[in-house]
């Protein structure tokens, strides 16, 4: 089963360090940012330590890794040309890094229309993706299902479908299905996941889903908040998330945890991924998980 989490990529070890961290959590795949998600400072491809990273991945059976584009990219912005242009240029660079790392998909938040309206935002995203996807490689951009916070685009399957339909080279577009986001956007992920998936299949096609973000939610369905919770401790619950992780439709695609670190003290938070992954593999909820994470 391809199950992993977001891991860090930093220091001198870069991809090698990411692979070691993922292995320590008992993962078979993982997701990384190529640098800080809040800025454009990036190391050169030569400094990403890719060869050693691949050696560690092969040693420990890690594959199908995923890259996440930084949050600062907003190609839905119609009011500031510099924001749009930065997004297009930087996304192209990130795709080059993604290809060098050997990942097939780079996850992208479609963007926010910042008050110009959904139609204007979608048209701008299409314009940006048409520009970006002229470059010659086989990396897919995985558009993420969004919670609908603020002016986010991608809160409904229909919005994502409109983007995909408008992009010329759309065989290079995939979808990242985020459980927390779709729940927060109003879809009944908890009680009727197969119904949600059938709806997705009719509107977009389930074969477009190439990444799943597995997150519980701190909020009730339809809250449009996007606040992740640890597996089984939120409003979606363990049974629904366990069902999704083991779903036949997602058998061969990476399932990535982005659940929050545990701990009241901001300086002493600990990653939950090792124990959350064990829990999902055993298909048994552990109500003591958070306490056990802090005792690690």
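Using the three backbone atoms N, Cα and C, a Cβ is placed for every residue, glycine included.
What Swiss-Prot records for the Zn(2+) 2 site is 144, 178, 213, and among 96, 127, 258 the residue it adds there is 258.
Of the listed candidates (168, 181, 183), Swiss-Prot assigns 181 to the same Zn(2+) 3 site as 226, 228. Cβ neighbour count for residue 178 (Zn(2+) 2 binding site): 28 (other Cβ atoms within 10 Å of its Cβ, all protein chains included). In this structure, the CA atom of residue 109 (Zn(2+) 1 binding site) is 11 Å away from the CA atom of residue 178 (Zn(2+) 2 binding site).
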